[in-house]
Amino acid sequence: RYEPTWRSLDARPLPAWFDEAKLGVFIHWGVFSVPSFGSEWFWWYWQKEKREPYVKFMEANYPPGFSYEDFGPLFTAEFFDPNQWADILKASGAKYVVITSKHHEGFTLWGSKYSWNWNAVDVGPKRDLVDELATSIRNRTDLHFGLYHSLFEWFSPLFLEDATNVFKTRKFPTSKSLPELYEIVTKYQPEIIWSDGNGNAPDTYWNSTGFLAWLYNDSPVRDTIVTNDRWGVGSICKHGGFYTCSDRYNPGHLLPHKWENCMTIDKRSWGYRRDAKLDDYFTIEDLVKQLVETVSCGGNLLMNIGPTHDGRIAVIFEERLRQMGTWLKVNGEAIYGTKPWRAQNDSVTPEVWYTFSPKEGKVYAIFLNWPISGTLALGEPQAKVGETQVRLTGHKELLKWVALGEKGMLIALPQLSLKQLPCQWGWALQLTNIN
C-alpha cells in the first residue's frame, strides 16, 4: 500500500498503457465557451485584471450589470452529440481524451452536489456532460477517458477566505475541491486525473498526498489510474505520475521521467475563440512535427481543442484531428508503443527523429522534409551489409542503401508521384537489423 507521502507515491510505477498511448486529445469546455473571446481566462482578465480588450468587449456587447454568472444559462450545448465527438476522437488516432470537468471558474460539467446551481445539470445544458461523453467514448472507442480538474477557483468566497488566512484554514479543499475529486473518481472512474490550478497553495493545504494514496490504494481505478504533477506549489515537474512541467512543454531532448507535452491547436487559447484567425491555428505539418519530436524524447502529446458553447467541435479542429488520424494510419507503428532510441534526432540531417520498437527490434527514422535529391543521409544508424533492411512505411518495396563509413547510411528513396506517397506530412523509414 502507498503511504500519503511523496516518497511513497512517487515510487508507484506508471500504468503501462499511458506510455504506449503517445497521443491524447485535451478538451477545454465550460462557461468561458460562451463569450468565447480572448481566452478561457475571460472571467479573470475581465473582472480581476480589468484588461482593456475584455472590458470593452463586455461594454460593447452586453447590458450594464451583466455578470459572468449570467453566461451560465447561455452555455446551452444544444448541438452536443457525444457519439459524434467520440467518432471524431477515434478518427484522430488518439488513445486517450481528457476533458475539463471543472476549470478555474468553478462550473462543473457534471451535476456535482458540491457545486450547487453552478453546474451543467442545474444551469445551461441541464445535462450531465461528463457522463454522456464518458459513455459514448466507452461504447464507441477504445480510448482511455480522463478528467481535468482545477484544484482552486478564482472567485470562490471560501477559497479567497483561506487565501487571506495564508492557507492556515482549509475550508475550501475540505468542502469543495476534495469532495469533487472523490465524486468524479467514484462516479465516472476516469483513467487519468489531470490536476491543475494550485492557487499558490502548498500540497498540504490541498491534502494531495492523502487523496493520491486513496486513489492508488482503494479507488475503483487504482490499477489503471494515471495522474500528472500539478498538486500544489512545488510539485510540478517533481511529484505525481507523469510530468507536465509547463504548458506547451517540449524540451527537445530525452527526459529521465515520463512526461507530457500539453499544447493547443489554437496557438493563443485553450478555450474556443470566435475571434481566432486562420493563422492562429497550427497546421497539420506543425502538429506532426510536435508529435514526432515529443515521442522520440519519451513524451506523450496532449493536443487541445475548444468546443463551442452550443457543443460543436469547430470544423478546423475536426480537420486537424482527422488529418492526424490519417497520418497515424500509415505511421502508427513508428509511434504507438515505441521507446526512445539511443539517439533522439539525427546528427547529419536536420528534422529527422528516431523511435524504437522493442517488440520487433526495429528502429524508425521519421523525416519531416522529403529531400529533393531523392536520397536521405542518416548519421546515426550503424547498418550491416547484407543484413540491414530499409522500408518506407506504407510502401511495399525494400529500399537500396549504402553505408557511410563506421556509422551512417545513405538511403535511396522511392521515386513516387505526390499521389503515390503513403502520406503527405512526414514519413517514416523502418530499419531492421541495425547494430
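A Cβ is built for glycine as well, from the same backbone N, Cα and C atoms used for every other residue.
According to TrEMBL, the features are:
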- 1-333: domain 'Glycoside hydrolase family 29 N-terminal' (DOMAIN)
- 344-432: domain 'Alpha-L-fucosidase C-terminal' (DOMAIN)
- Cys262: site 'May be important for catalysis' (SITE)
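Sorting the domain 'Alpha-L-fucosidase C-terminal' (344-432) by DSSP state (H, G, I as helix; E, B as strand; all else coil) yields 3 helix, 36 strand, 50 coil. For Cys262 (site 'May be important for catalysis'), applying a Cβ distance below 8 Å and a minimum sequence separation of six or more within one chain yields Phe26, Thr244, Asp247, Arg248, Tyr249, Leu302, Asn304. Mean pLDDT, taken over the domain 'Alpha-L-fucosidase C-terminal' (344-432), works out to 96 on the 0 to 100 scale.
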